[in-house]
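Features as listed in TrEMBL:
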type	residues	note
DOMAIN	B:23-92	domain 'ATPase F1/V1/A1 complex alpha/beta subunit N-terminal'
DOMAIN	B:153-372	domain 'ATPase F1/V1/A1 complex alpha/beta subunit nucleotide-binding'
BINDING	B:Gly173, B:Asp174, B:Arg175, B:Gln176, B:Ile177, B:Gly178, B:Lys179, B:Ser180	ATP binding site
SITE	B:Ser370	site 'Required for activity'
DOMAIN	B:379-503	domain 'ATP synthase alpha subunit C-terminal'
Amino acid sequence: MKYSSNIYATALLGALKDGYHGTVVKNFLAVVRRNGDFSKIPVIVREFKKKYNRARGFRYVEVALAREDAKTIGAIKESMKLAQDPAVVIDKEILGGMIVTVDGEIVVDGSIKTRIQKLFK
Amino acid sequence: MSKEIIEKLKAEISGFKSEIKAEKVGRVYEVGDGVCRVWGLSDVMASEMVEIETDAGMVSGIALNLEEDSVGVVILGDPLKVKEGHVVRGSGRVLSVRVGREMVGRVVNALGEPIDGRGPLFASEKDGAFYPVEKIAPGVITRESVNTPLHTGIKAIDAMIPIGRGQRELIIGDRQIGKSAIAIDTIINQQQDTSRTIPVCIYVAVGQRESKVAKIVAELEKRGAMKYSIVVSASASDAASLQYLAPFTGCAIGEFFMDKGEDALIIYDDLSKHANAYRQISLLLRRPPGREAFPGDIFYLHSRLLERAAKLSKEYGGGSLTALPIIETQLGDVSAYIPTNVISITDGQIYLEPDLFYQGVRPAVNVGLSVSRVGSAAQTKAMKKVAGRLRLDLAQFRELQAFVQFATDLDESTKKRIVRGQVLTELLKQNDYEPIPFERQVVTLYAGINGYLDGIAVSDIKDFEKKFGDYMEKMHKDVLDAVKKSGELALAMEEKLKVAIDEVKRLYFLNR
């Protein structure tokens, strides 16, 4: 029977609810391979990460800045009520401002580069 | 001058307000063969336009497959620029093209962008209107019956398979048999039908050779037809996504004029290649293949396209969009999958037969198998007068054709029918790019069906026809103008016509 990536991710999350266990993961991979769905592993991993973060109230936040700015990072962590520090990426090409990405899907783009592009559009 | 520009820029910059808002994006995780799979984009709409941020700039795409955990995007731009990890943003609008009157006389691609090297279509951002490429067809209440003829300039078609404005008439036949020639003649003929408004003609080339499209454009320009025509080209070297989109883009352009109360004619050349392009995209998107590997909704692809051709009622502007789709058959097989699909959708078909073509009957229209479901509702009274007997005479001739070689052993009435059939068959032959105005067709066919040409050798019929037409233009233009204006062959004009035919015959035999 064919299972979707979502079902595999939910099953793995349930199997690991008591914590990480190497044997469980190994068995899981063996089951996926036996079902002929090994090519779905990247998608299963992505879905698992989303479900894992959601179950624990985590949000994976990435902040792109033109230069190091601990004060800005602190402000973001406080305003978004994050349990952990956001990941920081230094990208000089954005010129200034910041780009905040939440869970890889929601983007708030306040970079100078994008604003200049919109100005000249 | 530069000071003014600087001041203007300063004002724009100081007044600029940028909105920062959260938007949902996706990332490319797989790309190949013109299709990419995207993670994220959880609120993307079906057929929504998306922008892929590549290192070489933005590349457009359409979200065609909305799956449980990913989105299948068909890339409209250069797929080689797209790499794994690139961010994909939704545009918030379903695929639409900017259309306007400025497109008339131009050659555009499937995205409505000019490709004829004559500069941008629109002078400013405010010109033109965005029309959705996918749109629901006009409903029953908004339509009215087809009642205005669309003359193709081809005698066999205008007489026996008449097309009306708002109709869908399929042109079907094998390769290299004259399908596109009929379509081009129809476009060229529109400027000769001055008793009605000239419809805007849209020629959609799907999967054609670029040399063929260039030849068609050159021919239309030479005949003065480009001034009311638009060419939408998605050639064989273009991506399957563009070949899939081109007919819909052409239809959106046609609807722009239809919604303004004007008439438009659209030719899809050809829908067989369109079906192949859609099959390719569907297979790459891993949609389940059905019969002949076509996706399950291949019928819906063509039905929703062709249903958008309509004649609108006066309350809705009275405009019309006439569609002439073309289908290429293999070895005359009209019972194949795609041909039968499109035959069942359209309001009739013009079937071109290879046997007739090789016998020298060109256009090779098989009158027996061709039909127009609109029929004489789209014919002028003058044409109805001559066409009724034409079909019957030809049908009788077809039955007797086997006896042609035994002509000396037959009774007089049979011989007469055979001669009449041969004369009419010769009369219906026509060269490419030489459409004949309908009033000339009426007088010529009148002479044919009433036996005036029975005494002329079959090999001389074409020559006589030309001389007769020229004589009528020079000496009896009033008859032609009366037929053109009223659409009828009144009794007085008919008498004049009879005298004219006799006179031409007398002169013809005198000068031989």
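Including glycine, each Cβ sits where the backbone N, Cα and C put it.
Nobody curates TrEMBL annotations by hand; they come from automatic prediction.
Because the structure is a prediction, the values reported are computed rather than measured.
Shown here: features listed in TrEMBL, placed on the structure.
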residue: B:Gly173; record: ATP binding site; DSSP (3 states): strand
residue: B:Gly178; record: ATP binding site; DSSP (3 states): coil
residue: B:Ser370; record: site 'Required for activity'; DSSP (3 states): coil
Env. residues of ATP site, Cβ within 8 Å of mean position of B:Gly173, B:Asp174, B:Arg175, B:Gln176, B:Ile177, B:Gly178, B:Lys179, B:Ser180 Cβ: B:Glu328, B:Leu352, B:Phe357
Around the Cβ of B:Gly178 (ATP binding site), the count of other Cβ atoms that are within 10 Å: 19
Integer Å distance between the CA atoms belonging to B:Ser370 (site 'Required for activity') and B:Ile177 (ATP binding site): 15
Those binding-site residues listed as B:Arg175, B:Lys179, and which of them has the most Cβ atoms within 10 Å of its own Cβ: B:Lys179
Least Cβ-crowded entry, counting other Cβ within 10 Å, from the recorded positions listed as B:Gln176, B:Ser180, B:Ser370: B:Gln176
Cα distance (Å, whole number) from B:Ser370 (site 'Required for activity') to B:Gly178 (ATP binding site): 15
For the domain 'ATP synthase alpha subunit C-terminal' (B:379-503), the number of residues DSSP places in helix, strand and coil: 99 helix, 0 strand, 26 coil
For the domain 'ATPase F1/V1/A1 complex alpha/beta subunit N-terminal' (B:23-92), mean pLDDT (0 to 100): 91
Between B:Ser180 (ATP binding site) and B:Ser370 (site 'Required for activity'), the C-alpha gap once rounded to whole angstrom: 17
